[in-house]
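Going by TrEMBL, these are the annotated features:
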BINDING   A:98, A:131, A:194  Mn(2+) 2 binding site
ACT_SITE  A:100  active site
BINDING   A:131, A:166, A:447  Mn(2+) 1 binding site
ACT_SITE  A:165  active site, proton acceptor
BINDING   A:194, A:227, A:332, A:345, A:419, A:447  substrate binding site
DOMAIN    A:207-369  domain 'Peptidase M20 dimerisation'
SITE      A:227  site 'Important for catalytic activity'
């Protein structure tokens, strides 16, 4: 049949696809480093060229300037918008990916040159290999193979490839919103391949992300840092106030002591609970997780508890205290003004506005209870909503069938603990379903030393993307 | 008369003395920062050169290596020993000062470049201006002026200028003890000018200092900082442990919650209480003190309570948490390893060894109570004993007469809240009286942003040091 035919064609081009990834990894498109900005732009143009060979109409859009730490301005790398097919009888898929990468240097502990793809033991090592160059090339590989074999792509495809994802996607959100009624207007579904499997062997589809609400607690006691010998004993020290208020927010077991917050969390449905049972995560993997991070003991005892704690329950993390003495050695100051920082990962149905209100009210009440005469201000620094899709949506079933065709198993339906804020933007701006379709393994080490993607994940992932495109015909 | 003559000569050289201080402040001799070690050494050599011009025989002595946090060794800056005059018919004065400074950066909130002396409204701003470069130069200014005018200095002078005072005077104590029978053997009295007036207008002589016991609390949870989205909810966060344990140490009113500690404090004698009555500190000054530091409300209500809290009662200050996120903006990490830092100012009769034992035991008990599985270690980083002298000693009367000659008033007899641990060493090693003769004002902001010394304190202080040298003839 047609799908077997495409899969064989993809297998036959394996070396060619690896060479394509080698070429992409060789461009050090590090967006956080201004010195690499020309490489980032080169990477965008390289992909534009690949898309144009497929017949895609491309546009490079510069969303403005970035203001660097020292105040200088640097032009943002262009966002690559592409349109492949404008058949009114077809639905339109929007594909998002990013072309920039995290910094990397051999000295950081890489076993090989990070910007030189190394194939070893079935793995392709290189910065950006899995995050997010292989997934981006997967689309190109799949579409190109279909075109070469005269197989009709049953949907119009729009591409949105940015190159500032590792730098907070600067400029993207506004650009997408500004194109709500033009480029984005007729998108029927969005697919993002920029996350990872839960484990190493079983594919998954991701239908939820936690949001984040970030808070600042300002306590201002005196004009400037004071010598603790000269002034200690005469002032209400703000560090004492700060550690007290921070200590009131959680219990040892991580329970959040903010009235009304836990009540907002959507209960686990039986259907959701079932998803966890067959999840590719056993007690061996649980123990591996503990050892990987080096914790003496984890907060949770079972696989379900652990995954739910990461994905579908809120957590509060204390990040630090700006203005306190944080350097090495000993300094005998009474810090004058402090900004305590913490954030809450939010989940359905915790709406950021309501969370902000509860948290700030709670902090103000705690402050009243403390009774300190110092100046106090608690406020939200920023927030990003959680995202939850419906894993039973027909669009998700297209992805699931594609995965089952390639791997012979039903994928897991997972969530992630972190945020990918742009997911929400696509959903809001298009008004339609967004699917996260990871192709990399859970041990790919994105952002870390020795980032890799397995050859099999890259090639089978290309097949998944091809099969998914064909499945979309049924939508 | 001779003293008037010297005072006029000092006044005439004002610009020259300010330029000399400018040159000294321009050398960023920050002893806590290994990167500044060459500047510290440069500062020592610069002062050595100044002393040699006076005819002082100088020696630079390196007391060994310092072991940094990462285990590397760094050579200590040399201690500058000088001998000016070896007349067997004269008594010998030992002068101590320090040439290193606290760290400073414009970004910390300085209104001007910290290492560029700024003269403004009769004040000289700069890191180290008052602590302790102006006092050190005061001696050089006074002696040089006497020499230029052929006035005999009636005592032999020994100099001991170190450059690790802001880093716990590492190496000095052992060095002085090793020289007990050589350099230190014939010292008749020691004078240290490294503290401050109580107020802004009336001079004082200081007869007591608090000691300090500094503690580190280490909490180690995981191998490296974790993404709070991906890992939040699964680990026992060390920041939660840290703020809890820190919050247990004091009450809002500053009371220290460590069993047995407050019971060690010596009661106030009637003679001591009397000193407080005439002290240059009334409710106007009390209110000024509050306004100067910018506190909404002070911990104490009366002048006596306030001064006793600073000078003769213990206090506990929380300084900060190394390893937590301390920068501006928002970062979503779970810090992996933390070192919480606090210190206790100790007073008669709190012996550091006994205090250390009580504190570490108390911290270990608190940790047991917390019940966290994370790795924990609490220990003393360093300590310095309190010091108490006899303000009725003839040597003190020399200082008092010098001050009266310059300022026309009897100085107050004060104590200080801070520590100058080396004071104790000088007293022990020489077996003779040690006098603290401050020249800087009570609002000089040593260790803080915008450290300064008034032009008048610098110049009149130079006169006090000159007058004191002449008074010593009577001893």
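For all residues, glycine too, the Cβ spot is worked out from N, Cα and C.
Positions of the features from TrEMBL, shown on the structure.
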residue	record	DSSP (3 states)
A:98	Mn(2+) 2 binding site	strand
A:131	Mn(2+) 2 binding site	helix
A:165	active site, proton acceptor	helix
A:194	Mn(2+) 2 binding site	coil
A:227	substrate binding site	strand
A:332	substrate binding site	coil
A:345	substrate binding site	strand
A:419	substrate binding site	coil
A:447	Mn(2+) 1 binding site	coil
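Those recorded positions from the list A:98, A:100, A:166, A:194 that have a Cβ under 8 Å from chain B Cβ atoms: none.
Among the recorded positions listed (A:98, A:100, A:131, A:166, A:194), A:166 has its Cα nearest to the Cα of residue A:227 (substrate binding site). Apart from A:131, A:166, A:447, the Mn(2+) 1 site neighbourhood in this chain, defined by C-beta within 8 angstroms of the site C-beta centre, holds A:101, A:102, A:128, A:132, A:165, A:446, A:451.
Within 10 Å of the C-beta atom of residue A:227 (substrate binding site) sit 21 other C-beta atoms, taking all shown protein chains into account.
Residue A:131 (Mn(2+) 2 binding site) sits 8 Å from residue A:447 (Mn(2+) 1 binding site), counting Cα to Cα.
The Cβ of residue A:345 (substrate binding site) lies under 8 Å from the Cβ of A:210, A:211, A:212, A:314, A:315, A:316, A:317, A:417, each on the same chain and at least six residues away in sequence. For residue A:332 (substrate binding site), the same-chain residues that are 6 or more apart in sequence and have a Cβ closer than 8 Å to its Cβ are A:227, A:228, A:229.
Taking the mean position of the Cβ atoms of A:98, A:131, A:194 as the Mn(2+) 2 site, the remaining same-chain residues with a Cβ inside 8 Å of that point are A:97, A:132, A:135, A:136, A:165, A:446. The average pLDDT computed for the domain 'Peptidase M20 dimerisation' (A:207-369) is 95. Rounded to a whole value, the Cα-Cα separation of residue A:98 (Mn(2+) 2 binding site) and residue A:447 (Mn(2+) 1 binding site) is 14 Å. For residue A:131 (Mn(2+) 2 binding site), the count of additional Cβ atoms within 10 Å of its Cβ stands at 25 [all protein chains shown]. Once Cβ contacts within 10 Å are tallied over all protein chains shown, the binding-site residues A:98, A:447 are led by A:98. Residue environment of residue A:166 (Mn(2+) 1 binding site) contains 20 other Cβ atoms, counted within 10 Å of its Cβ in all protein chains.
Around the Cβ of residue A:165 (active site, proton acceptor), a 10 Å sphere holds 23 further Cβ atoms from the protein chains shown. Geometry remark: residue A:166 (Mn(2+) 1 binding site) versus the residue listed as 'active site', CA distance 7 Å. Rounded to the nearest whole angstrom, the C-alpha distance between residue A:100 (active site) and residue A:419 (substrate binding site) is 18. Ranked by how many other Cβ atoms sit within 10 Å of their Cβ, the recorded positions A:100, A:194 place A:194 at the bottom. Residue A:419 (substrate binding site) sits 12 Å from the residue listed as 'active site, proton acceptor', taking the Cα positions as reference.
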